[in-house]
Amino acid sequence: MENYNVKTRAFPTIGIILLGGISDKKNRIPLHTTAGIAYTGINNDVYTETKLYVSKDEKCYIDGKEIDLNSDRSPSKVIDKFKHEILMRVNLDDENNLSIDSRNFNILSGSSDSGAAALGECIESIFEYNINIFTFENDLQRISESVGRSLYGGLTVNYANGRESLTEPLLEPEAFNNFTIIGAHFNIDRKPSNEIHENIIKHENYRERIKSAERKAKKLEELSRNANIKGIFELAESDTVEYHKMLHDVGVDIINDRMENLIERVKEMKNNFWNSYIVTGGPNVFVITEKKDVDKAMEGLNDLCDDIRLLKVAGKPQVISKNF
């Protein structure tokens, strides 16, 4: 039965307008508009690879570890919705099941998005893309609230208000060809995303955060129309500052002393060449430079983090093989 399978590859993500606050733990619709990019390594070696296959018993493996099918954000919540129709396409009855095996490669942050998008691409390809992508995105958000960033690739904006959510592409990856993202990683535990979502909404200025995100999204659309890549990443840096100040105010600190030291070095380097930085919810500082300045930036950052990767903006998911 495992002969019926599809394998896909999708790319993790980095926030540009950062997400904080979701409707509930089941549906995970963002409470405000956000934006982000998909990324991979400069040698295309950063991705999630997922196989969806027909099996006797339903199983879900992530990086070789079997996960509880009833756990929060379990892929089975999405698979079960489409199981009957998928099995019908290969003339199998509901006594059969669908399982997934998903593996992450060299990902610093954003693997939930790429995992959800890779599963989504598996399902879409079986239906030959004859599926309502807007409602389907909402299904996949039950796994990862910002999955749209990986579903479309490039730069995207997600318009949301806690009840409805819609992602639209703004720029293709090629628009970023003259820029490199340096991923500076620190070997510390990351905060669970739910800790961020549950606490940031307690901030006294959270309503203003919602308005600020809307204003930034409009600005991002304008910057994208003009292909102003520096402006896009400068907006991202300003949003990082606002976001992490709010998190600090409610007792959730993502940026530790070592990360702060690296950020200070990034600011110093601005005197010599253009750069910008982003910190999302994990133990990473993403530093963006023009390609011509990468060596200078690397020289200044190498001794301040535990690992460093060269990254680039990535595209949408890909089907690697299919037998359905």
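Using the three backbone atoms N, Cα and C, a Cβ is placed for every residue, glycine included.
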Legend entry - Further binder of substrate named by Swiss-Prot next to Glu145, Arg149, taken from the candidates Leu19, Leu31, Leu262: Leu19
Legend entry - Separation of alpha carbons, Arg149 (substrate binding site) and Gly110 (ATP binding site) (Å): 10
Inset, instruction - Between any two of Leu19, Glu145, Arg149, the residues recorded as binding substrate, what is the biggest Cα to Cα distance in Å? - result: 12
Legend entry - Count of other CB atoms lying within 10 Å of the CB belonging to Ser193 (ATP binding site): 20
Inset, instruction - Other than Leu19, Glu145, Arg149, which residues of the same chain sit close to substrate? List them in sequence order, counting a residue when its Cβ is within 8 Å of the Cβ centroid of the site. - result: Thr13, Gly15, Pro30, Thr34, Gly36, Asp113, Ser144, Ser146, Val147, Gly148, Asn158
Inset, instruction - Spatially speaking, which of the binding-site residues Leu19, Glu145, Arg149 is closest to Ser112 (ATP binding site)? Use C-alpha to C-alpha, please. - result: Glu145
Inset, instruction - Among the binding-site residues Arg149, Arg190, point out the residue whose Cβ has the most other Cβ atoms within 10 Å, with all shown protein chains included in the count. - result: Arg149
Legend entry - For ATP: widest Cα to Cα gap among Ser109, Gly110, Ser111, Ser112, Arg190, Ser193 in Å: 14
